[in-house]
Amino acid sequence: MKIFFAILLILAVCSMAIWTVNGTPFAIKCATDADCSRKCPGNPPCRNGFCACT
């Protein structure tokens with residue numbers, strides 16, 4: 001049973017790392033570029049009301 005939970009934990013950590021590298025898995029609304037710099041890594045621009053985190 002411990003091995004099963006260890007595998008689940010590894011999968012969760014890896015999926016979170018992939019989301020961090022590729023950007024957020026969901027759209028983040030913004031009004032200005034400053035909103036995105038607080039919510040996304042790498043200071044992405046605000047396009048059409050959403051942050052370009054990818």
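Each residue, glycine too, has its Cβ placed from N, Cα and C.
It should be emphasised that the depicted structure is a prediction, and the values quoted were computed from it without experimental measurement.
Looking up CYS36 in Swiss-Prot gives a disulphide bond whose other cysteine, out of CYS51, CYS53, is CYS51. The recorded disulfide partner of CYS53, taken from Swiss-Prot and restricted to CYS30, CYS40, is CYS40.
The disulfide-bonded residues shown are CYS30, CYS46, CYS51; of these, the one with its CA atom nearest the CA of CYS40 (disulfide bond) is CYS51. For the disulfide-bonded residues CYS30, CYS40, the greatest number of Cβ atoms within 10 Å around a candidate Cβ is found at CYS30. Within 10 Å of CYS53 (disulfide bond), as judged by C-alpha distances, the disulfide-bonded residues found are CYS36, CYS46; the full candidate list was CYS30, CYS36, CYS46.
With the fewest other Cβ atoms inside 10 Å of its Cβ, the least crowded of the disulfide-bonded residues CYS46, CYS51 in this structure is CYS46.
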